[in-house]
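If you scroll down you'll find the structure; I have some questions about it.
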Amino acid sequence: MGGLGLLLPADREHDPELEPCSPPKGVQRLRGAVQHYEWGSRGDASLVARLAGETEGRPCAELWMGTHPSAPSSLASDDDAAVSLREWLARNPTALLGRAVTARWDGDLPFLFKVLSVAKPLSIQAHPDRELARALHALRPTTYRDANHKPEMAVAVTEFRALCGFVSVQELKDVLRTVPEVRMLVGKEDIAKLMTAKEHDGGIGVRSYLQSAFTKLMGTSKEAVAEAISKLKSRLNAENKIRTFTEKEQLVLSLEQQYPGDVGILSAFFFNYVKLSPGEALYIGANEPHAYLSGECVECMATSDNVIRAGLTPKYKDVQTLCSMLTYKQMFPEILQGVLVQPYVIRYTPPFDEFEVDRYLLPQGESVTMLAVPGPSIFLIMTGEGEIQADGMPDEGVAKEGDVFFVPARTEVKLHASGPGCLQLYRAGVNSRFFC
């Protein structure tokens, strides 16, 4: 079939990474693992359920594609149904992952690929850097299950809403002026420092003031939080007769209905309210606060499941750790639109070595080729039908909604949309800049 070539920066003539070091293994179909967290969507409303073929009506929150031991993928072939992807990669990591990836990440897949269907807000949370991850794993291995950091990126499939990072100094001042319920919990001393802070102070002083105020809020007693939330509801209900709620106020009232009495309701005033349209992406580094609120996305991250929570959750809350680890940067997060790397292919490149994500939208009858690259990839067919052709394919290569493929390093892949409609798929791979 006639395809279009995608030449990455790493695809250089005589690149030793592209020279075979052992007989290559073929493309493998995978079975992902579904996580049934309570915040997930159910039935046909859940993209995760549709992709995984789940029909039991349980909440289907996340589809995992990778090697993390909490929910590892397995080979989908009948002969290897009991073989996990991690076990299979361990048989010949250099051939399957490439030399550079094997050396850097100790023979493991460096990224975890997911689909999320969010019906109810996730917790106020952050993910540790490597140093903190190692310390937490050693201290509480049943809670923090690995020693890796967890930078991540979400690419919106539907409209996707999130809280992410702290609001600007000016917006925080507006909160302290207009939300007396937050003011009463933060206290006069911290308010005075924050109200005199300036955007161009260099950030050091402002960050210490913000950390003090946020820590005080998050450490407030349940009784005081409940009283403040009750006053907030009463005030807003009265003011609604004479004015329209702001988007943040509407959000806070919605959070109160889902997590009554939770301090995360009030902490939402401190965070940026982000709305992604389909095709937009958001990346989150270590030690940055965030909470996904609603919508569906493709997510990619370093291979880790470390989450420190402090609100909007019935799960274990580690408030002290979260408040001490945050960067307290005050800026709106960068929204990635993606870069067209060839017709029908948009790439999202975060500032992390472990991963990048490509989004393919192939009209019926069109084809595209991903040339051999030095690292592994995972492909997920989101919608539509087509064919995938590569050396060592174990079958005829039919690709349909919900299919997942592992593509070894140095393997060229040809994709063809046979219709009807567009073939939409996503590829996760090691960040191309890692190989430059």
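A Cβ is built for glycine as well, from the same backbone N, Cα and C atoms used for every other residue.
Sharing the record's features from TrEMBL:
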ACT_SITE  R309  active site
BINDING   Q125, H127, E152, H290  Zn(2+) binding site
DOMAIN    28-166  domain 'Phosphomannose isomerase type I catalytic'
DOMAIN    186-270  domain 'Phosphomannose isomerase type I helical insertion'
DOMAIN    348-392  domain 'Phosphomannose isomerase type I C-terminal'
REGION    1-23  region 'Disordered'
Can you check which residues sit near E152 (Zn(2+) binding site), meaning Cβ under 8 Å from its Cβ, same chain, 6 or more apart in sequence, and list them in order?
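Once residues fewer than 6 apart are set aside, E152 (Zn(2+) binding site) is near H127, Y283, I284, E299, C300, M301, A302.
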If you run through the domain 'Phosphomannose isomerase type I catalytic' (28-166) with DSSP, how many residues end up as helix, strand and coil?
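Counts, helix then strand then coil: 40 helix, 42 strand, 57 coil.
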With DSSP as the reference, give the number of residues of the domain 'Phosphomannose isomerase type I helical insertion' (186-270) in helix, strand and coil.
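Helix, strand, coil within the domain 'Phosphomannose isomerase type I helical insertion' (186-270): 61 helix, 0 strand, 24 coil.
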Please work out the helix, strand and coil residue numbers for the domain 'Phosphomannose isomerase type I C-terminal' (348-392) from the DSSP assignment.
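The composition, in the requested order, is 0 helix, 24 strand, 21 coil.
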For the domain 'Phosphomannose isomerase type I catalytic' (28-166), what is the mean per-residue pLDDT, to the nearest integer?
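Taking every residue in the domain 'Phosphomannose isomerase type I catalytic' (28-166) and averaging pLDDT yields 95.
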Please report the distance from the Cα of R309 (active site) to the Cα of Q125 (Zn(2+) binding site), rounded to the nearest angstrom.
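Here the two Cα atoms lie 4 Å apart.
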Using the CB centroid of Q125, H127, E152, H290 as the Zn(2+) site centre, which other residues of the same chain sit with their CB within 8 A?
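Sorted by sequence, the hits are A126, K150, I284, E288, P289, V307.
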